[in-house]
Every structure is written in structure tokens, then in C-alpha cells.
Amino acid sequence: MEAAPKPGSGARVKAQGKKQKPRRYWEGETDGASSLSSNSFTTPAPPRGTKRKGEDLLQPRGAKVPKRSKQIQALKSNQNQKHLRSKQNQNHLRLKKDLRPNHKQELRPSGTLSGAQDPFPGPAPVSENAVNKFRRGSSKFVKKHHLKLVTEHKLKAAADEEEETSVRAARAELLLSEEPGFLEGEDGEDTATIRQSDIVEAVDISSAAKHFDLNLYQFGPYRLNYSRTGRHLALGGRRGHVATFDWITKKLMCEINVMEAVRDIRFLHSETLFAVAQKRWLHVYDNQGIELHCVRRCDRITRLEFLPFHFLLATASETGFLTYLDVSVGKIVASLTARAGRLDVMTQNPHNAVIHLGHSNGTVSLWCPAMKEPLVKILCHRGGVRAVAVDSSGTYMATSGLDHQVKIFDLRGKYQPLTSRALPQGAGHLAFSQRGLLAGGMGDVVNIWRGQGQGSFPSFDQPYLTHRLRGHVHGLQFCPFEDVLGAGHSRGFTSILVPGAGEPNFDGLQSNPYRSRKQRQEWEVKALMEKIPAELIDLDPRNLGEIDVISLEQKKKERIERLGFDPEAKALFQPKQKKKGRSSAANLVKRKTKVKDQEHREKVRQSLQQHQEQQQKKKKKLRTPPSPGSRPSALDRFKR
């Protein structure tokens, strides 16, 4: 058996067929006859007997060695041979470490493990359209001359962070597992003729179970509301029946009869609390059906809307009052009168939390709690407004009136109708889905329209789906993150399958349908800490990050009028540095105050002098006798 060569011998192993050690991926190509052994990265040591004592192993062979002093040579010669051998071994190992990375670097110039170069260096490019999809307003920073340096740096950092967040979200969109899809007919088939039974047969078992009917004709008609996560459903019958349940698993949470007329029902910030607009007052219940609060200041309520980011419950009453109730502290933030009679049509804009009210004179008014007057009034119909709905992006508003017209309005500043359609009976209820589908209830028929593409308004040329209910429609709402439309009618409740209606991918930190009890509690605490004040509700939320230049100029003018001079017109006084302790902090402040007072006295003295001169000129004009050509008047006695 052949012995392995010693580390310092410099011997090479001959190639022996199958016993040859395979070449590693970081090793280069060798000559055909031989290959490097496991010690191929090391430089072979010189043969024995040729090395001089005291010669540094790191010196290349044949290099000149500088002469050393006799004392050092004497010390070296007296050292033990054993110690010298250990030192040689250490230097040899060090030589291996020094030469190995250099050899690898020559073989792998790209710095990768395999040695291959990256054909696509740097981060993957992202299209501008994908980034604009996740942008919230304009993320570009515009430098303004009136900003302070610190404020300018903060605004620039915020804009850069927002831009980076948008790019990351656009790049992570590739990881979304679900994709939206719509119903398509075969060979030009009209999708409006496809029935719910055909859709149930074509989809999987879990999706087919989402289509069901609840026969509740004894306590109808019914109003409904889905929770923000889309997992729970609340039903409120006109004759007092109230129930909440997990509509996916059909697990009942609570079911009570309030023995009073129920006009509307809404979930609050979570599925554990819900508000019921009863005949007299507003009541709040928990998920077990226990009454927690009775708000008597909100009486004869007809419609309810909850603003999740502001923790505000908006109520519209028969007396024409719009009331905002802060559910986090139990305090009424604002109570506004619309002066338009009974308020029976109300919805909210999910984009900016503005309340839209429909009136009997055909107008729609937009309200916020900080203003006592409506922000905008839009004349929509020649008759009374029956229903109003706003899409999730806050771009389009759909209205229907007594003139049997259904119109789509643009809310981006112009408030002009984009399209309209006359329906035989008129739509009594409207609802937008997360993907832009519009549902309208006309008697016992529900029509659903869709747009030509993503981001476009619905087209009324041809309905997307049509479904006939057992009774007249009394409430419509699309379920969040599900292709389901809930319809409350006089005979109960119906869940309709609408392919392509819901957003397939949800934000787990905001609205997670599968969250646990602990996650819900943590989310509630975080949402309360990030609650937006009611005063910040406005038509354009992007105005909050801008500076009101007009108000700044007005404040500056008022300050100049109050002081009598412009304090920013002259540079501030900077006292000179003095010695012998006369430039302490207190002395500097005293000197600055003294100069400031002197300038102020001088300005006031000048303004008083000008005022006296003007008064003297007026007195001279009054005392001057009339010209001989002018007649005296009887009113001259009243001159001062």
C-alpha cells in the first residue's frame, strides 16, 4: 500500500484511473496527464537540506535575505530544533491560508460559489404601472423655498420611504398565489343567462357551499352587513329578529329578538360588537347578544355607517340629523343638520371616509364632521335619490333615483356623470364590489354589471349576471375577499355567487379572515393607537401632507398689523463675544432683549408720529374756510 505524501515533501500523486480524486467545481482545468491532489492549493516546499536556518518561509525561492545582527543569529542558533520544527509547521499552515483564497479568486472572478457570472446583476426592474398601483398619492418630493431645512429633510425622507415601499410591494406582487377571474361564456354565450345552479355545479365543493338561502319570511324584510374580514354576517329583520353567525362554517354566534322594529345593523371595529338602529334609540350588543349600551341621543335612526380607521359610527335619522359617535370613548363628535328632511339614503366613501347623503330633491351631499355645511352638493336626478354607492377606490359614485335612472359620477374633482341608463323599475339598492362590479336591486331581481377592464367604471350595455330572488330586495352588500353577494329580502337572505367580485389576496395585518383570538386582540390595540382623528377627514386625504401657504401668508400679515412692523424683515441681532465673563448665557439674552426693545420702541414711535400727522392733516382740512364761490350748507354744523 502506497503511503500518503507528507505535507512538506512536495511529492505529487500520480493519476490512477478510478482512484483519482474527482475535480472540485472551484478547480480549474488541468493537463490531461495529471491533476492536482488535495494539496493543490499549496506551493510545494523546497527539498530537505536546501533551506537555510533562519530563512523566512514566506520569502520566495532565490530572493536575497537581508543580513541580521550577530546577537539575533546567536539566539536563533541556540533555539531547540523541536521548537524550530513547530514554527515551520505553523508557517506552512499560514502559507496555505494565504495562498488558497488567492487561487480561488483567480478561478472564480465573479465571487459566486460556482464561479458562474450572474447574467442579471442587481435588483429586478419593476414597471412603472405596477408601482403606480401601490402608490398612495404623489411620492415625489417638490422642494419649496419657504420650508425650513429640518422640515425639508423630513418630507424628503418620508417621500423616499413611500417610494421604496411602493417598489417593494410591486416586486412582492409576484408572490401572490391567487388571481382574480371572471365568468366567460362559450361561443358568444351571454353570461346573464347562466343560473346559480349552473355555477354551483361547475365550482368546487367549498365554493358551492357559499351559495345558500335562509327562509326567514316571518321576521322580514332583512338588512345585512358583513364584517371587515368577510368572515361573519349580521342580519336584522324589520320585526325585531337579530342574528350574527360565521356564514362560512354556519356557526351561530347569537340570535335575539329585540321586540322592536330594526331599521339597520352594522358591525363595529370587530365582529365582537355590532350596533342596531331600533325604532327609538341606538343599541350596541356583543357577540353573545348582551346589550352593552343604549345611546338615547341618537333617536329614530334610519341608516348606519361605520368608519373603521376613525372608530366613528355615523347615523342618519328621520329628523334630518347626521351624528358621529366615537365608539372608542363613547362620545358624540359632531351632530350636523342637513336641512333636507328625512335621511333615508346614506353611504360612505372608503377612500376618504366622507359620508354621502341622498335627498328627496335629487341632490347628493358630501359631509365631514369638521364642517357644518356640506363639502359638495351634486344634482344627480330630477326626482328623489333612492340609492347611493361608492367604489373602494373613491373614484366613482353610482346613484339611482325616482326617475328610473342609474348614473355613474366621477368624484375626482369634476363631479360629472360618465354614463347613465334608464331601467324599467329603477334600482332601489346599489352596491360596489372590491373589483369594481356594481349590483342593483330592482324589485325581486338583482342585476350585476362589470367594466371593460380593471379601474374602469361599470358598463350598463349588458348585465354580467342576473338572479331572481324569492322576495323584494331590501339590502345588498358584496362580501370582502369572497366572490359572494349577500342579498336581504322580504323572505329572508340569499347568498349569490359572483365570480370575480372579491379581492383574492388580503392583507394579513389589516383584515385577516383566519386570525385567532389573540391576533384579534393585538390588532384592536394597534388600531386604537393608530386611530385617525375626526378632524382630518377631507375630500382629498393627500392635502394632509402639504403646507397651507395661504394660511401662512395670512398669519404673517396679521402679525405685521398687530406689531406695527415686520420682525422678519431685518436679520436678528447677534451680540459680539466679550471677555471676563461678560458673554454668559444670561448676559447674551439681556443684550438681545435690550436691542429688540429699542427697535420695537423706534417702530412704535414712528407709527405714532405718522398717525398724529394724519390726524393733523384731517383737522386742517376741516378748519379751512370755504372758498368765496361756494355756498354755505346747513349740514356744515355737523362737521368736526
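We number each residue from 1, going along the chain as drawn.
Yeah, the Cβs are placed from backbone N, Cα and C, and that goes for glycine too.
The region 'Disordered' annotation in TrEMBL covers 1-129 (among others).
The compositional bias 'Polar residues' feature in TrEMBL is assigned to 32-43 (among others).
Positions annotated as compositional bias 'Polar residues' by TrEMBL: 71-92 (among others).
Residues or ranges marked as compositional bias 'Basic and acidic residues' in TrEMBL: 96-107 (among others).
Annotated repeat 'WD' per TrEMBL: 378-412, in sequence order. Broken down by DSSP into helix, strand and coil, the repeat 'WD' (378-412) contains 0 helix, 20 strand, 15 coil.
Here TrEMBL flags 463-541 as domain 'BING4 C-terminal'.
Taken from TrEMBL, the feature region 'Disordered' covers 571-640 (among others). The DSSP breakdown of the region 'Disordered' (571-640), given as helix, strand and coil counts, is 44 helix, 0 strand, 26 coil.
Annotation source TrEMBL lists compositional bias 'Basic and acidic residues' at 595-605 (among others).
Shown for the domain 'BING4 C-terminal' (463-541): DSSP residue counts in helix, strand and coil, namely 17 helix, 22 strand, 40 coil.
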